[in-house]
Each structure stands twice: as C-alpha cells, then as structure tokens.
Amino acid sequence: MNAISVLAEAAPAKINLALHVVGRRPDGYHELETLAVFTEYGDRLSVGHGERDEFSMHGPYAACLPADDGNLVIRALEALRMAFPGVRLPPVSIRLEKNLPIASGIGGGSSDAAAALRALARHWNLDDASPLAALAPRLGADVPMCLAARPLLARGAGERIEPVSGLPQLAMLLVNPGVEVSTPQVFSALASRENAPLPPLPMNASLDGLLGWLAASRNDLEVAALSIAPAIAESLAALRASGAAFARMSGSGATCFGIYESRQAAELAAKAISRGRRDWFVAATSTTG
Ligand code: C5P
C-alpha cells in the first residue's frame, strides 16, 4: 500500500440503545424501531492504491473472519464497482483493523461495509453519494445505519433513517461474554413480533432524561437472545454490579452496554469486569456525534 495516499476511515461500533420489533414483512424481515448511537471504539479501515485489489486484516478479531467475498468489505467493494460500470476505478489495497467481536450485535461487519463504501467513494472521488445509499441496504439491514454513523432513529428493516440531534454524549462500557450469536436465530426465537412502538424521544435530553426514556423502552430481542446465549445475563449482571446507571443488550446480542456517569467510571468498571474474565470482550468508550 502506498503510504502517501493512504486514507483512514473509522468503522465504529453501533449500539442500539433501544430496539422494538413492531411487525414482520412478507419477505421475512422484521419491522423495527431503534435508537442507535455510535462509539469512539471500533474497527479501522484504510484504503490506498494497490497493484490489484487487495484486502488484509489484522487486530484481535481478524482471525475470526474470512478475507474473501464472504467478507462484507469485499462485497461493498464489488457492489461499488458494479454501481459505476463506465467509470475507471483503479485497484485498491484495503486493510481492516478488526477490533470488534464477530456476530455480536454491535454492527461490526455492517460498519466495516459502510466504512468501505465511504472510504472508497473518497478515494475514487465519487462525488455523487446517492449510489452509496442505494447499495447499503443490499449489503445488510444495518448497513444504512452504519453508513450514517451518527445518532439516529431507524425504522423499516433499518433502512428508514432519521438523524437525531441533542443526545448527551454517553460514557459507555461494551461487554461481550465471548459468545457469537446468530441474528436469524434470535429473530426466529421471538415470542412476539408486534410490540409497542418506541416512546417519543425527548428533545435535547439530559443524561437523566435519556435514562428515563431508556427505562420506558426495550430491546425486544433480549429475551430471545438470552434463551440462545444465557451468558448474556452474566454480562448484564456484571455491568449492573459495576455501577452502570443503565445496562441493556445491543442488537441481537450478545454484546451488552452499560452507561456510566463519567468516562472514568466506565474505565474503572472495565478494569473490574475484565479481572478474571480473560475471554470476555470489554471496552470502555464514549458515544460520538
Ligand atoms: O440483513 P442482514 O443479513 O444483516 O440480516 C441478517 C438476518 O437478520 C436476516 O436474514 C433476518 O433473518 C434477520 N433480520 C430480520 N429483520 C431485520 C433485520 C435482520 O429479520 N430488520
């Protein structure tokens, strides 16, 4: 990779602060309502000129993923080339630092795909961003959210997005008990697919205001995920015991998040929870945007 022209793009973790399942579509996908935020912690993608298209991974979770077209980064690259058939798009070298656990409810693969779309569009000077928005849902239900990578409400299968302003920055701890969870399996295990919608979001919420809203909302996938991966209960218990003001599972799990009064409190909780649990993923971070 040519060091002079390497371009870096963050692929942040996506946290579903709340996720309500409000219906089911004829194609089998579920209608959701979710408030999602993104964190400073995440994967990192870099793009530079290549002799031919190249893709490599490093970082703690690199060995858990294929580097071929089973990888959403490669699928994003191929989809983008197909979307610009008449345009010369020179070969690229893409490197992914994989810090987020796989199949863990925080959008790792989707965020990598979205970061690849953003980085490649910048690298190739593709001024018109609209093909990116059209490609995103075809790569995965969470990719449109991850393409936006800012606080948002998402509806439909996740493709109808409304940016949200005025949320407080949250000090957060992400905890995964070292288990991968299959998203389709969690949706299949749902007891109810027609739940109440999200309560209205308060305008310019303080931390207390947001915590009140969170207490009135849910993650409708949590009970189903717990039935598949009971270790999720241990993560939630560890977060609550460490002083989190609020704890919940993100997405289809198994990663759970805790919200703390300060980043320092989150860092201290990270140390306490990591102790004696070497196979857990534990990351203190803050939300962005
Ligand atoms: O789109 P993606 O491949 O990320 O979705 C994974 C699976 O999660 C789908 O095959 C589907 O079983 C389930 N899903 C769903 N409703 C959604 C999002 C995902 O049923 N809104």
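Glycine is treated like the rest: Cβ placed from N, Cα and C.
Within the same chain, the residues at least 6 positions away from Lys14 (active site) whose Cβ sits under 8 Å from its Cβ are Ala36, Val37, Phe38, Ile106, Gly107, Ser110, Ser111, Asp142, Met145, Cys146, Ser250, Gly251, listed in sequence order. What TrEMBL records for Lys14 (among others) is active site.
The active site feature in TrEMBL is assigned to Asp142 (among others). Counting every protein chain shown, 30 other Cβ atoms lie within 10 Å of the Cβ of Asp142 (active site).
Ala103 (ATP binding site): 19 other CB atoms within 10 A of its CB, across all protein chains. Here TrEMBL flags Pro101, Ile102, Ala103, Ser104, Gly105, Ile106, Gly107, Gly108, Gly109, Ser110, Ser111 as ATP binding site.
DSSP states for the domain 'GHMP kinase N-terminal' (71-147), grouped as helix (H, G, I), strand (E, B) and coil, give 43 helix, 6 strand, 28 coil. The feature domain 'GHMP kinase N-terminal' is assigned by TrEMBL to 71-147.
Annotation source TrEMBL lists domain 'GHMP kinase C-terminal' at 214-274. The average pLDDT computed for the domain 'GHMP kinase C-terminal' (214-274) is 98.
Other Cβ atoms within 10 Å of the Cβ of Gly107 (ATP binding site) number 30 in total over all chains. With all protein chains in the displayed structure included, the most crowded Cβ environment within 10 Å among the binding-site residues Pro101, Gly105, Gly109 is that of Gly105.
Shown for the domain 'GHMP kinase C-terminal' (214-274): DSSP residue counts in helix, strand and coil, namely 32 helix, 10 strand, 19 coil.
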